[in-house]
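Undergrad: Handing you this structure, nothing more for now.
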Amino acid sequence: MNSPNRGEESPKEEPDRDKDAAEESESKRLLPSQSPSLSSDDENEVAFESREKVVIVDLETPESILNVDYVPPFSWKKLWLFTGPGFLMSIAFLDPGNLEGDLQAGAIAGYSLLWLLMWATVMGLLIQLLSARVGVATGRHLAELCREEYPTWARLVLWFMAELALIGADIQEVIGSAIAIQILSNGALPLWAGVLITASDWKLEAVFAVLIATMALAFAWMFGDTKPNGKELLIGILVPRLGSKTIRQAVGVVGCVIMPHNVFLHSALVQSRDIDPKKRGRVQEALNYYTIESSVALLVSFMINLFVTTVFAKGFYGTKQANNIGLVNAGQYLEEKYGGGLFPILYIWGIGLLAAGQSSTITGTYAGQFIMGGFLNLRLKKWLRALITRSFAIVPTIVVALVFNTSEASLDILNEWLNVLQSIQIPFALIPLLTLVSKEHVMGVFRIGPTLEKLAWTVAALVIVINGYLLLDFFVSEVKGLLFGLFICIWTAAYIAFIVYLISRGGALPSTWFSIELSKRFSANGT
C-alpha cells in the first residue's frame, strides 16, 4: 500500500486538526493575551529566564493532554516544588520596622491589639494572593503590566514612588541589622560599620530558610522565657478591644501589613515556576498551591509577630518605660527586666533582629530588580541590577547612620519619617493591582469576580484610610512654619489628584457597586 504524500492529509486527520484549532482558539479567547513584544526574553525584561525556572514535572495522562481545564490531583511533592515565593514574600511582614511596631504595640497596648494583628495579617494575605494571581495568570509581574497599562508620565511617577518606598524599607532593614550587629558585638562596631557589613552580603538565598527558622526560634525562646499570661493572650486574639490611648498603635499595626514593594515582588516571584499559561487547569493548579503556601508562610509570620508583641506586653505594659521603647534600646530594656541567665535575652533579641534584617534585605534586593526592570524595561545583567538597587539603599543608609547615630531619639524620629514615606506609597501599589486583576482583557477567565472585587477594594480602602490617618496625625504634629505648611498643602493636592487619576484611568472602582443601583433607578423612572 502506498503511503500518502507528506503534503496531503488523510480525511481522518482533518476532524482532529479542526478540534485542536477550535480548542486553541477558545484558549486564546479565555486566557489573557501574551503580546509578541513580551514573549521574547531577548527583547524585553523578564522576571526569570527560562533556564532559571523550576520545572513542575507531571505524569501526563490522556485527560491532561486533551483537556486544558484539567486540574491534577493534590500532591505533597508538588506542593514542595511550589514552596518558596510565599515564604520570601512573608519576610516583609517580619522586617525590623514591623518588629518595632510589634514591641511598641505590646508595651503600650498590652495584649489588647492581638486581634487586630491577626486580622491585619489576613488582609495582607488577601492582597498578596491577588498579586500572585496576576503573576501566574498573565505570565508577567505587576511592574511590567503597569508599563503597558499607563502612559509614560504616569508609569515614571509610579516607578519613582515604588523606588522611594523600597529605599525607605531598605534603610529600616539595614539599620535594623546594624543595630543587631552592634548588640552582638557588645558595641564594638558602630552603626555605620554594621551597615557596611549588612550591605556586603547579597547572596543570602542559600541560608534563607535558616534565617526564618532563626527568627522563629529566637522569638519563641523569648516567649517561653518571659511566660506571658495565656488567658490574656487568648482574650487579646479573640475579643476586639480598642481604647483611645492605643489608636496610634492600632493604626501602626494595620499600616505595616501592606508593604508597597512586596506587592510588586510577589507577582514576580511566582513566575519562578514553569507554568504553561495556555492550560487553564495548570494555572488554577498553581494558584491553589500558592494559596496554601502563602497561607502557611503568613501563619508563621503571624506567630513570630505574636511572640514579639506578647513578650513586650508581659514585660513593659503599664510601666514607665513603655512609651520610651524602640528598636535601638529594646534589647537593653529586655536585659534589665529579665536579666542575663544561661543565654542572655539581649543576645537572643540581637540574633532574632539580625535574622529579620538580613532576610528582609533579600526581599529588598529582589523587589528592586523587578521594579526597575519592569517599569523601565532594562536589559541588564542581574548582578549589575542588584548592585544598582542596593546602592540606592546603602548609600543613603550610610549617610543616615552617620548623621542619626547621635542618640536613640533621633533614630526613632527617622523611623517615623520612614514609616510615613512608605505609607504614602501604598495607593500606588494597591490601585494598579486591583485595577489589573479586575480586567478580563488582562486576566482572562482568572479575573476576580464581583464579590471578591468588592472585598478587595474594601480592604484596600481601609488600609489607605488608616494610613491617611497616620499621615494626617504625623503632619499635624511635625509640620511647623508657613512655608513648609504651604509646600505640604500643594504636595497633598498633587498627591490626591494622582490617586484620583489612577482610579478613574482604568475604571478601577468596581462597577457593580454603582451600575446595578443606577440601572434600577433608570428602569424605575422609565416605567
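Heads up, the Cβ atoms here are built off N, Cα and C, so glycines get one too.
Keep in mind that TrEMBL annotations are predicted by a computer and have not been checked by a curator.
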Undergrad: If TrEMBL is the reference, give me the range from 150-174, 175-199 marked as transmembrane segment.
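TA: That would be 175-199, the stretch labelled transmembrane segment in TrEMBL.
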Undergrad: Under 8 Å between C-beta atoms and at least six residues away from its ends: which parts of the chain pack against the transmembrane segment (108-131)?
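TA: Counting only partners 6 or more residues beyond its ends, the transmembrane segment (108-131) has Cβ contacts under 8 Å with 86, 89, 93, 102, 142, 228-229, 232-233, 235-243, 245-246, 249-250, 253-254, 256-258, 262-264, 266-267, 290-291, 294-295, 298, 301-302, 305-306, 309-310, 313, 317-318, 322-323, 430, 433-434, 437, 448, 455-456, 459-460, 462-463.
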Undergrad: Go through 79-96, 362-380, 455-476, 482-503 and flag the stretch with the largest number of C-beta pairs under 8 Å relative to the transmembrane segment (296-317).
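TA: Highest pair count goes to 79-96.
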Undergrad: So if I exclude everything within five residues of the ends of the transmembrane segment (482-503), which remaining residues of that chain have a CB under 8 angstroms from its CBs? That is, six or more out.
TA: 154, 157, 424, 427-428, 431-432, 435, 475, 509
